[in-house]
Structure formats: structure tokens, C-alpha cells
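Chemist: Okay, handing you the structure first.
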Amino acid sequence: MTTLDAVVYGADELVAGPATDGRRLETYEDGAVAIVDGTVAAVGPTTEVTAEYPPESANHAVDADGQAVIPGFVDPHTHALFAGDRSDEFAAKLRGKSYQDILAEGGGILRTVRAVRDADEETLLSNLLAHLDTMLAHGTTTVEVKSGYGLDTETELQMLRVIDSADAVHPVDVVPTFMGAHAVPEGWDTDDYTAAVVDEQVPAVESQGIAEFCDVFCEEGVFSVAQSRRVLEAGAAAGLTPKVHAEELAHIGGTQLAADVGAASADHLLHATGEDIDALVDAAVTPVLLPGTAFGLGAAYADATAFRDRGAPVAVATDFNPNCHSHSMGFALSLACVEMGLTPAEALIAGTKHAALALDRTDGLGTLREGAPGDAVVLAAPSHVHIPYQYGTNVVDAILKDGSVVSTPTHESYDREVQP
């Protein structure tokens, strides 16, 4: 027995996903989507979809007249599980302090590490659930969350447990990434800590069986290419797909490493070269660009057009973390357009379909095509262009996750848009 979960109909613009006919997007005017048993069953003109799937027979019927409907956002790079407050560091940066200055004074990542180690599991879960609520309210229906603020076996495992617990109770799908190699903890030599990650943390993470990916901060002054390779190869042997923070602050070869190890994604990439981009394309590694990070630091942005023009499937993420405190994929897409050179259509693809590729999702996630997960966002605007156009504004009006209309503490008006 199948269940007609939802029918969204009458949309001024319904975006099914990237087009295959020369257009950027496959769109429908007066469009509709039907979701059955959590999966998209039909998408197309309202007259055709509703003839087969009558809205009055659905658990949720959404009249989207005057509105646009898009796939739910996929945020493929966050550090959303943390404790403590580093807002004072934002003010310090405005006064001219560099991140390196702040780190030398005991701030930055290591300050968050101390706060996470001091927090109990209940507090960490509460923090993460609150962040997921806000992300959901801004249209994110799938998000990757990394560990990496523990930097010891016990706390890294605790973080992964919390991520798993959040995934079990929250509507947003939460994808877990182990990142013990996020920084070198206080009192450690980098080689010794790399060995601890490889010999102690990775086997413990494998035994726990929660993490899906293994990430490393391959950067000058953090983990070298050789050290990063050790971590990623150990993770791969434990069944964890590699990811790489690469070429953020300097060019040291992290992008080529990502290609060599067959990473799902290489992220940041501010200093990637044309040769690096070609290597990613050849190895089918998705580049993930993080405009919010540059915005928060007042730094240069990656050139998305360089990746696009070489055939790379550019993805965009928030990089939500204590040093980049934005939950909003919409804001990230605005920056990707204004500062990185993407069009609104390209930015939407970067935050949906291509973002799903960065998480190795090939089930249609990030689209509204037949067989894809039933994750859709109804905008309080008639076109997807309003996402980057209304920068700083949350244009999300209603969210469907697996075919169910989801409300959040910050969005309690959905009932006005939904007729059961």
C-alpha cells in the first residue's frame, strides 16, 4: 500500500534540477510535484501531475500559486557541532587582528576544542539540534557535519555519537564526517599527533561504525601533504571516504592529493591552479567552494568560473562554524553570485545537485526528478532568482522533507500555506 504524501501544485516556477537540453535548469511554469512514500513520483505541469495524483488525496496539499518550488538545499561542508561562543573574535578581527594573532592568544579552533571537551553530550546535542532547526528554516534538508573539535579519541567519538543522535531525531538528514585531523592539539608534535589519528582514532571510529567520511586540514602549518595522505589512506582502509580541506591559505598540493586518493570532494580551493582543477575533473572529485568563510574573514574569494569553465561540477556550502557563523545556504548562494561569478541558476545547482555529489549521493538528491528523495522548498517568491537577489532575507516559506511538511521553531506559519 503506497501513501501519497504530498502534492505541491500551481507553482509559478518549479525547478526539477539541472537541464539536459542546453538550458541551465529544467523548470516548469504552473508546475507540480507529487511525492509518494517519501520519493518523487511525478513532476511536470500541474494539469498532468494532478490528474494522476489529486491534491485532495494527499496527506499534504500545497498550493504554490505565485511561488517557486526548488529541491531542498544540500549543505556539504559544516562544522555545526561545537560549544562555546567566539563572537568576541569577530570584533577583534574588525579591529585588525588576524586569525593567526587570535590563535596565538589561545583563541580559534583550539578555544572551541577546550569548550567541546568541557561540554557534556546532552549540551552538545542540544546545540546541534538548535543549529539544525535554523538550517532547516533556511531550506537545508541534508547537511554534512564534521567532528574535529575533540582532537582526542574519546571526544571525537563523542562528537560522532552526537551527530548520529541528531540524525535520528531531526528531520534534516545529517551526514557524519570524522575529522580528527582538523588541527594539532596543544602540547602535541604534528607527526606524533598524525600517528595518534592513524593508529588510535581511526580504528576507534571504524569500530564505532558511525562516520561516513574522513576529512583532513591539508594546509601549511597544519598537516602536510604526506601527513594528510597517511590519515586519508588509513581512513579509506577503515571504510571512510576521503575529503580534503585544500589550498585555503596557501598552495601546498592538497588538491592533487584529493585527486590521488579519489576523494569525494576537495574544499576551499582559494589557491587551486588550472592544473589542480583539471586533476579534480579527471578524478571525479567535486570542488566545494565556501564563500561565507571569505566573507567572515574579509579575505579573497575563490573564482567559481575557473572551475565551471574547466568542466568541474562546482558545489557551494556554508562552512558553518564558530568562525563562519551563517546557517543560510541562501546567503552562501548570494555570495557565490556576487563574489564568485556564478549565475543564479548555477548557484542553485551548486547548492543542490552538485552539493549532493560532494556527499557521494547519486540517488537524485538535490533534484525533484522521479525517484529522488521528496525534499522540496517552497519560496515566498516567484522565481529561484530571488534566493541570491534577496540577499540577507530568508525567502523560504515551506519545507517538505521526505514528503512531509516540516515546521520549525523559527517558521510557524506553514499551516497558512498547507491544506491537509
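Glycine residues also receive a Cβ, built from the backbone N, Cα and C atoms like all the rest.
From a predicted model like this one, the values you see are computed outputs, not experimental measurements.
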Chemist: Starting from the Zn(2+) binding annotation in Swiss-Prot that includes His77, His79, His245, which of Asp152, Asp167, Asp173, Asp319 is the extra site residue?
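Modeler: Site partner of His77, His79, His245 for Zn(2+), according to Swiss-Prot: Asp319.
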Chemist: Using the structure shown, find which entry in Glu248, Asp319 (the binding-site residues) has the sparsest Cβ neighbourhood within 10 Å.
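Modeler: Comparing Cβ neighbours within 10 Å for the binding-site residues Glu248, Asp319, Glu248 has the fewest.
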Chemist: List the Cα distance (Å, whole number) between Glu248 (4-imidazolone-5-propanoate binding site) and His77 (Zn(2+) binding site).
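Modeler: The Cα atom of Glu248 (4-imidazolone-5-propanoate binding site) is 14 Å away from the Cα atom of His77 (Zn(2+) binding site).
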Chemist: Have a look at the binding-site residues Arg86, His182, Asn321 and say which one has the shortest Cα distance to His79 (Zn(2+) binding site).
Modeler: Asn321
Chemist: Give me the largest Cα to Cα distance among Arg86, Tyr149, His182, Glu248, the residues the record lists as binding 4-imidazolone-5-propanoate, in Å as a whole number.
Modeler: 21
